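J.: Okay, here's the structure, questions in a sec.
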Amino acid sequence: MAFRASILTLYPDMFPGPLGTSLAGRALDQGTWSLEAKNIRDFATDKHRSVDDTPAGGGAGMVLRPDVLAAALDSVADGRPMLALTPRGAPLSQQRVRELAAGEGVILLCGRFEGFDERIFEARGLEPVSIGDYVLSGGELGAMVILDACVRLLPGVMGAASSGEEESFEAGLLEYPHYTRPVQWEGRTIPEVLRSGDHAKIAAWRHAKAVEDTRLRRPDLIERHGGASQAPPSGARRRDTKAKDK
Ligand code: SAH
């Protein structure tokens, strides 16, 4: 069964947007997944079709009303996980993406203004999700990020070439760096080891690079995984993990 995505947003015209091109777009055309974008405003009940109101306790901006959000959510709820985009959420992880991609689909609630009335989270069992430590003007780009990450994992979308198993985050590490022709470019050379044809040596070099780059750029990942997943991949000999090339 195809993966079904329902988006609740004040700007349904933003979809499919970038998800209509390339890998995700082709998969959408082929029916590997489906997308419906519903306008939250269609669930407003007053004559002004208002979806927001001023924050209780005062302060700047407007807050999305729980009654309107609930009506929108209830119109699509069918057991799929319901995620609400918010910088106050848990950061999206590749692990959560894998879980979502293995399911029937997702319902994504996009905020605007100051965000959602807090009561909606518990009342409808919403999972608060953030796509990073910065503030966007709306949840729509975040919803696209989640869907792009999920869709590429759906069976048949990436093709046999990439199982995704060696990719960044899968082993608690960033992926190793890639190179391609030309071998010589602006005085820079592809590391010799990658041209050696020695697969064990290449695997060891890549693992060492992955660890090195992760330590440098994302020490938080090393800490979180406690080094447990930093064993060299099978085929890589431990004494080779220091192998380096200039
Ligand atoms: N006042 C809120 C930010 C609101 S930004 C706060 O400080 O927490 C408006 C909307 O953009 C949010 O409701 C949310 O849906 C979306 N958004 C902004 N930053 C986001 C992020 N990092 N991850 C996911 N959604 C985000």
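Heads up, the Cβ atoms here are built off N, Cα and C, so glycines get one too.
As annotated in TrEMBL:
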{"type": "BINDING", "residues": "Gly111, Ile131, Gly132, Asp133, Tyr134, Val135, Leu136", "note": "S-adenosyl-L-methionine binding site"}
{"type": "COMPBIAS", "residues": "216-226", "note": "compositional bias 'Basic and acidic residues'"}
{"type": "DOMAIN", "residues": "4-223", "note": "domain 'tRNA methyltransferase TRMD/TRM10-type'"}
{"type": "REGION", "residues": "216-246", "note": "region 'Disordered'"}
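So that I understand the layout, could you describe where these features sit and how close they are to other parts?
T.: Other Cβ atoms within 10 Å of the Cβ of Asp133 (S-adenosyl-L-methionine binding site) number 7 in total over all chains.
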J.: Determine the binding-site residues, out of Gly111, Ile131, Gly132, Asp133, Val135, lying near ligand 1 in the sense that the CB is under 6 Å from one of its atoms, and give them in sequence order.
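T.: Listed by sequence, the hits are Gly111, Ile131, Gly132, Val135.
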J.: Go through Gly111, Gly132, the listed binding-site residues, and name the one with the sparsest Cβ surroundings, counting other Cβ atoms within 10 Å.
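T.: Candidates: the binding-site residues Gly111, Gly132. Fewest Cβ atoms within 10 Å: Gly132.
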